[in-house]
Amino acid sequence: MMYEKRSYTGYGHPSSHYDYPPPSGPPGSFYLADVPPQHFYQWRSPPGIVRILQGSVVILCLVIFACVASTLAWEYYGSGGLLGYGGGLGSYYNGYYGGYNGYYYGGLTNPRAANGFMIAMAVLCFLVTLGLVIAGLSKASGARSRRFYLLVAVLSGLLAFVMLIASIVYVVGVNPRAGLGASSGSLYYNQMLMLCNQMMSPVAGGIMNQYLYHYCMVDPQEAVAIVCGFLTVILLCVICYFAQKTRHKIWKYGKPNIFWDKPLATAEGPNVEEWVKNVSGDVGTQDETATLAYSEKPISPLTSAFLPAQENGYGHSTPSSPSVPPPEGPSPPEEKDKGSVSRPPARRGHRQRPRPTGLEESQYETDYTTAAESSGEQNRDDWASLYPPIISDAIRQTYKAEFNNDLQRYKALCAEMDDIGTQLRQLSHELDCLPEGSLRYQGVAEEYNRLKDLKRSPEYQSKKLETQSLRDKLCHIKRMVGGYDQSRS
């Protein structure tokens, strides 16, 4: 057989190749404190910081280009005007001009070459960084891999190196005092130093003074270009750091635990920590509306017809005792789910069906506890006989300890069934995107049907009813503790 079935964990495609061991749970799971989800769509995340810094580098490159280009007129036209005007000043200044001309094209830094090199490197940095920004903002899978951010780090390091060289060359080219220091004591140095010292003298006329001022002093736009050049070097080095940090997070947490796009907002149940805090408090008014189940999912309109109406926040349904045997058959929603989803892999082809809403999807995939299936009137009476109202602090501590133990068991069951529901949703999405008849499609469909069979198994149904029973028990104990605390206050 051409298709080799791989072990599937539900967090990626069964035929995908992992560069790292897959994590042990779905992204954003409440129970995986050691594997927190990474929200890479946020601007304060490492890839978000990389994009911000790259945008800053693009702006700095534009500023460098504008500032350097604004001084080119002095280099290409000011020199000719100065030498032509100085020809009539006599042999004294002609000697200096000859020395200046020898310096200008001699072994020292040529300001024209420095300007051209700075502009060329700024344009190169602008184009490369802009290309990386556009690629990083795209939703292509290649732009969300460790290999891409390795490319970002390498290119940013190379750009930082060439921009550092260009900035140093530009500083030496536009600041003759920095360049002349290397030739201290030479004839060229003495001649140019004398010209720069007489920069403010009105003897040579206005044209010579203006050009000498430009040559001997650093213009404001040249200073801005120098500062922007070194800032660009620093930002490129920081980009290298955050690109490597992004690669490390992808390797450490795994691609399934990374959100590149903002997840759709879905209705969530109450916070378990707040619930436990309210119960654990010594004094406080307990709100019975806060006794909803931790993993309770909203009811979709399609399945509400199977469920009785609710009254005072508790649904009337078949009561569950502390120990409930496994049911002989699936519940009505399960029967509907069974008839419509579990089918041969070949018949679940690529179809453009509308994606279910968060409410409807969660109802079908994690329907082990719903408000309409638990906390019936008779069930509350059963728990009231087992856990009567609290009359002393000792009984309250006993209730509280039992509440904490049952809560841990309840959370573990919810996590286990949430995991199955998450895998089914991911597999359903993959089946909608794959072409029917492909080997990859067959493998995903087999895993999908296996999980659906698991949901209909007696073991799963037993856990489902145990979760419902634990929820009713926790709600009752919470009311007893809340009533006792309220009576004392």
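These residue numbers are counts, starting from 1, taken along the chain as shown.
Cβ coordinates are placed from backbone N, Cα and C, and glycine is handled just like the others.
Per Swiss-Prot, these features apply:
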COILED    407-434  coiled coil
COMPBIAS  365-377  compositional bias 'Polar residues'
DISULFID  Cys196-Cys216  disulfide bond
MOD_RES   Ser280  phosphoserine
MOD_RES   Thr285  phosphothreonine
MOD_RES   Ser300  phosphoserine
MOD_RES   Tyr364  phosphotyrosine
MOD_RES   Tyr368  phosphotyrosine
MOD_RES   Thr369  phosphothreonine
MOD_RES   Thr370  phosphothreonine
MOD_RES   Ser374  phosphoserine
MOD_RES   Ser457  phosphoserine
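You'll find the Cα of Ser457 (phosphoserine) roughly 88 Å from the Cα of Cys216 (disulfide bond). Residue density at Cys216 (disulfide bond): 19 other Cβ atoms are found within 10 A of its Cβ, drawing on all protein chains shown.
The number of other Cβ atoms within 10 Å of the Cβ belonging to Ser457 (phosphoserine), over all protein chains shown, comes to 12. Under the DSSP three-state reduction, Cys216 (disulfide bond) is assigned to helix.
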